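Lifted from TrEMBL, the feature list:
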- T28, G29, S30, T31, D83, G84, A85, D86, K96, G97, G98, G99, K123: substrate binding site (BINDING)
- E105: active site, proton acceptor (ACT_SITE)
Amino acid sequence: MSAPDLRRAAAARALELVEPGMRLGIGTGSTAAAFIALLGDRVRAGLDVIGVPTSEATRIACEREGIRLATLDELPELDLTIDGADEVDGRLRLIKGGGAALLREKIVAMASRRMVVIADAAKRVETLGAFPLPIEVNAFGLGATWRAVERALAESGCAGKPLTRRLDAAGEPLVTDGGHALLDAHLGAIPDPEGLSARLWAVPGVVEHGLFLGISDTAFLAEASGSEARVTVLSRP
Ligand SMILES: O=C(CO)[C@H](O)[C@H](O)COP(=O)(O)O
């Protein structure tokens, strides 16, 4: 069972939630791409839905599949967002932003009545933080913001952990779809995600961070079971 097979199995399970006429938030990343491909098949077979993409990459992928799109200005309330995640804990708290789309992903998820995560079961963790936490920051005053973020991390029990600036494929500083810089905090473990979230939001140059807390209520996690993919449903207690 390959990783693409697992992504497709999780995406197929989420597709069962999609009903005609729904306004969908459409996530970013390789698992979201599997969902977009399956949704495209359904749209070509006559399903009428409209989507709001969470990144330029997703917008292009949806257009290629013939999925009708709108902006969040045109559709400020959505029925359902389907998106991937980099880590999922037992309380459905997430780390997202591995694909640099965390800001739009969070705005779209928060505008949705429901956010459902699709992922390989390997993303399920006991404690968030092994995946570097993405922190989107305004490029103005980056040095000062950097130091303030380090202080916020230290106050949250994550002292002395390295912070790096995300680079793009060409090795240049990455610029997000929103025109911002992206930092990655290599924490190993986040003992208090809610406390860290509050402290990061208190830093003026922080635009958003990749902790999604209390946003998603369901995750479809796919793992191999013999030659089949088994999808486990994780629900927020
Ligand atoms: O948050 C994201 C993009 O910003 C993605 O959803 C996350 O990185 C998971 O990606 P993938 O499905 O490729 O593992």
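Residue positions begin at 1 at the first shown residue.
A Cβ is built for glycine as well, from the same backbone N, Cα and C atoms used for every other residue.
Listed in sequence order, the residues of the same chain lying 6 or more apart from S30 (substrate binding site) and placing their CB within less than 8 Å of its CB are P4, R7, G84. Those same-chain residues not listed among T28, G29, S30, T31, D83, G84, A85, D86, K96, G97, G98, G99, K123 yet with C-beta within 8 angstroms of the centroid of the substrate site C-beta atoms are G27, A32, A101, E105, A119. A gap of 18 Å separates the Cα atoms of K123 (substrate binding site) and E105 (active site, proton acceptor). Around T28 (substrate binding site), the same-chain residues six or more apart in sequence whose CB sits under 8 Å from its CB are P53, T54, S55, A57, T58, D83, G84, G99, A101, R104, E105, listed in sequence order. A strand conformation is recorded for D83 (substrate binding site) in the three-state DSSP classification.
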